[in-house]
C-alpha cells in the first residue's frame, strides 16, 4: 500500500503546481482583512455635536465655519478632568432671540451667559466633522445614547464566525474543501452586497451576520486545502505565509478606504473579489487527501497525476495502491479534553489564549479609530508592524522552541499595552512605537496559538480539541468591541489596561505548557499524561515539527492577520 505522502514526494512537495495554487489562495486573505477590521473606517465616529436649526441660520448669515459655530454655540463639559465640547447636549435657547451678532461673538455670548443657559439633549440630530466622508455611524446617527449599537457591527460578525466555523467545518469534511470554499464565496458575495444596500441598521446587522457565517468558513477551507496539497516540511510555512497576506490586505484596505469615502461603496470594494474567486472552480483542485478519506481513489489519483505533470515529475510508485494514510479508528469526545489532568490543563490554557488573542488583537486595531490621530496613517503603521511577526515565528520556533516565544509574545504585548496607556499624548511618537510593539507581539501570539494547539492533543482528538478551543476566539471577538468602546467612554486608555492584564496572564499560563519542539505528535492520551515514558524510545526520524494533515481541522479558527 502506498500513502499519499509517499506519492507526493515524487509528484513534488512544493512544486510549480502547488506554488500556483498557493498564490491563488493567498488572494483570499486580502479581502478578509476588510471584512474583519473594516469597522475602523466603516464605523468611524467623527467629532460631533448637536444640530440646531437656529444656529444653522446664524452660521449661514455670518459666514461662520462649522468649527467656529461649535466653538461659540456648543456647551463645554468636564470629561476626565478636561473641558471639551459636548457631543450629546446643547443649549436650550432660541438663538434668533439671543441678540447674538456676527461681529463680536465672545462678548455677545460670554462664559457668564453660557453658565446660566439651560441645556438639553440633542433634538434635531447631529453635526459631523468628517470632511465629506460618510460612515454608517453618521448615516444612522449612532452616537450618544445609541453609540453602543455600533458595537453590534463587529459582534454580529464574530457571532457569524462562530456558527460558520462549525457549519463549514462539517461541510468541508462532508462535501469537500473545494465545494465548501466555492459555496462560501457565493454566499459572501450576496451577503456582502446586501450589507452595502441595507436600508437600515437592523437589516445591515442581519446581513453582516450571514457575511461572517460564510467568510470565515471559506477561509478555513482554503487554509486546510493548501496544507493538504504540500509536503510535510512546507505545511507550517504555507500556513504562516497565508496568514501574512491578511496583513497585506490591511495595507491595501488603508489605500482603498482613503480613496472611497462612502462606507457602502467601501463594502462593495471588498465584496467584489468574492465573486471573482468563483472562477477558482477551474483553477484549483479538490484535496486528494479528502478524496481518499471518502474512498474516491480514482479522482484522487487523477489529481495527483495532474500535480506531478505540472511539476514535470514522473511517478514511479504504484499509484494504484494509493490509500488513505489519515484514517482514524478512535472516536473523540469532549470529555477527553478535560477528563485527565494534563489534558484539562492544556484545554483551559489554550482556551484562554484564543480568547485573549482575539480580544487584544481586535481591540488594538479598533482602537486606531478612536485614538484621535490620523486614522489612515495610524492604521497603515499598525498594519506594517504585523509583517515581522511571521518571520519571527519561522526564525524562532525551530531554534528556540514554541513555549518561550509564545509566552514572551503575550507578556511583551501586555507590558506594551500598560506602558502605552501611561505615556502622555504629547509624546506621540513614543506612544506610537510602544503601541506598535504590542501590536507586533499580539499578532505573533495569535499566529502561534494555531499550531501550538495542534501539537498538544493526541491524534484522535486533535481536530475536536482545536475546534473547541478556537471557539473562544470568536467569543473574544464578540466581547472586544463592547470592552473597547464602552470602557473608552470612561477613560480612553482603560481598555489598554485590561488588554495588558489579560495578555500578561496569558503569557504566564503558556509557561505551564510543555515544550513541543522536536517531539513527535502525541497519538494517545497517555502520551500527554506520561510524556517522559515515550521520549527515550523516540527515533529521530519520528520527530515531526510540522503540521500533519490530521492536525488540521476544517472547524478551526485562525488569525487573520
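First residue shown is number 1, and so on along the chain.
Glycine is treated like the rest: Cβ placed from N, Cα and C.
TrEMBL labels come from automatic prediction, so no person has curated them.
What TrEMBL records for this protein:
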type: TRANSMEM; residues: 21-44; note: transmembrane segment
type: DOMAIN; residues: 92-518; note: domain 'Major facilitator superfamily (MFS) profile'
type: TRANSMEM; residues: 152-172; note: transmembrane segment
type: TRANSMEM; residues: 181-199; note: transmembrane segment
type: TRANSMEM; residues: 205-226; note: transmembrane segment
type: TRANSMEM; residues: 238-259; note: transmembrane segment
type: TRANSMEM; residues: 265-284; note: transmembrane segment
type: TRANSMEM; residues: 348-370; note: transmembrane segment
type: TRANSMEM; residues: 376-397; note: transmembrane segment
type: TRANSMEM; residues: 404-423; note: transmembrane segment
type: TRANSMEM; residues: 429-452; note: transmembrane segment
type: TRANSMEM; residues: 464-484; note: transmembrane segment
type: TRANSMEM; residues: 490-513; note: transmembrane segment
Do any residues, 6 or more residues outside the transmembrane segment (404-423), come within under 8 Å Cβ-to-Cβ of it, and if so which ones?
353, 356, 360, 364, 392-393, 396-397, 430-431, 434-435, 437-439, 441-442, 444-445, 448-449, 452, 493-494, 496-497, 499-508, 510-511
Take the C-beta pairs under 8 A between the transmembrane segment (464-484) and each of 238-259, 265-284, 348-370, 429-452, 490-513. Which stretch has the highest count?
348-370
Can you name the far-off residues of the same chain, 6+ from the ends of the transmembrane segment (21-44), with a Cβ under 8 Å from a Cβ of it?
130, 133, 135-137, 150, 153-154, 157, 192, 211-212, 215, 218-219, 222, 225-226, 229-230, 238, 241-243, 245-250, 252-253, 256-257, 263, 266-267, 269-271, 273-274, 277, 280, 283-285, 362, 365-366, 368-369, 375, 379, 481, 560
Against which stretches of its own chain does the transmembrane segment (238-259) lie, if we need a Cβ under 8 Å and a gap of at least six residues from its ends?
14, 22, 25-27, 29-34, 36-38, 40-41, 222-223, 226-227, 230, 266, 269-270, 376, 379-380, 382-384, 386-387, 389-390, 393-394, 443, 447, 450-451, 547, 558-561
Restricting to the same chain and to residues at least six past its boundaries, which positions have a Cβ under 8 Å from a Cβ of the transmembrane segment (152-172)?
35-36, 39, 42-43, 136, 179-181, 183-184, 204-206, 208-218, 220-221, 224, 290, 358, 362, 366, 467, 470-471, 473-478, 480-482, 553-557
Winner by Cβ pairs under 8 Å against the transmembrane segment (490-513), considering only 348-370, 376-397, 429-452:
348-370
What parts of the chain pack near the transmembrane segment (429-452), using Cβ distances under 8 Å and only residues at least 6 beyond its ends?
236, 239-240, 243, 247, 350, 353-354, 357-358, 360-361, 364-365, 378, 381-382, 385-386, 388-390, 392-393, 397, 402, 405-406, 408-410, 412-414, 416-417, 419-420, 423, 503, 506-507, 513, 516, 547, 551, 556-559, 561
